[in-house]
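According to TrEMBL, the features are:
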COILED    30-64  coiled coil
COMPBIAS  230-252  compositional bias 'Basic and acidic residues'
DOMAIN    145-213  domain 'Chromosome segregation protein Spc25 C-terminal'
REGION    223-252  region 'Disordered'
REGION    258-277  region 'Disordered'
């Protein structure tokens with residue numbers, strides 16, 4: 001035991017410098033490690049700061065990207081909506097052009113039809129006016145409405161064509177009534193009855209004119225029997241017959257003549273199936 005102690009006491013001074021050197025080296029190593037650790041800590045802090053900045057930049061970039069994507073989606077939606085509106089407008093334009101074409105075609109056809117109707121109406125009016133003029137000038141015929149409808153004829157009496165023959169009829173309650181007749185002729189009751197049965201006013205007016213002609217011829221024959229020669233009488237009869245034939249050979253349309261016999265004034269151009277007072 002004592003020997004070991006002596007050995008230790010002799011070795012300790014020898015080992016002490018080594019221990020001191022190791023201790024210094026260890027302390028130096030610790031200080032170096034501490035400095036390195038401090039440096040690493042500073043670098044870590046810097047790295048953390050950089051990481052935070054990077055994260056902030058990333059978040060900002062993500063937000064910017066999100067906003068851009070949102071704007072892009074909104075823009076795409078607006079473009080799609082605009083394309084849809086453009087297509088709708090194109091369809092609407094095509095439809096309106098089609099309708100305008102149809103309207104133009106319809107208006108053109110209607111204009112042509114209207115022009116044809118106007119031309120036809122003008123022709124009919126001219127025919128009616130021609131018929132009225134023919135009646136007034138050749139037959140001395142005139143119509144006027146008062147208490148009834150008065151039909152006046154001239155050119156009946158050969159010796160005095162200006163002498164007027166007339167009759168007045170009234171249409172009331174679907175029946176004709178003869179109000180007066182100058183000069184008086186025979187068979188008027190039967191003629192009015194037939195007129196109410198057949199409603200043939202055109203024929204009735206023609207028959208009345210022939211009756212006036214016959215009455216005028218008879219009066220002329222009676223007044224000139226003692227003084228006129230047979231040749232003169234035959235000439236008067238021939239003239240009366242020619243006047244009657246000129247009335248029968250009138251070639252205007254019956255509608256125009258019926259319009260000339262309407263219950264208004266002689267210038268009336270409206271056709272009526274029955275004459276109303």
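Each residue, glycine too, has its Cβ placed from N, Cα and C.
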Suppose you look only at the coiled coil (30-64); what would the mean pLDDT be?
90
DSSP-derived helix, strand and coil totals, residue by residue, for the domain 'Chromosome segregation protein Spc25 C-terminal' (145-213):
24 helix, 22 strand, 23 coil
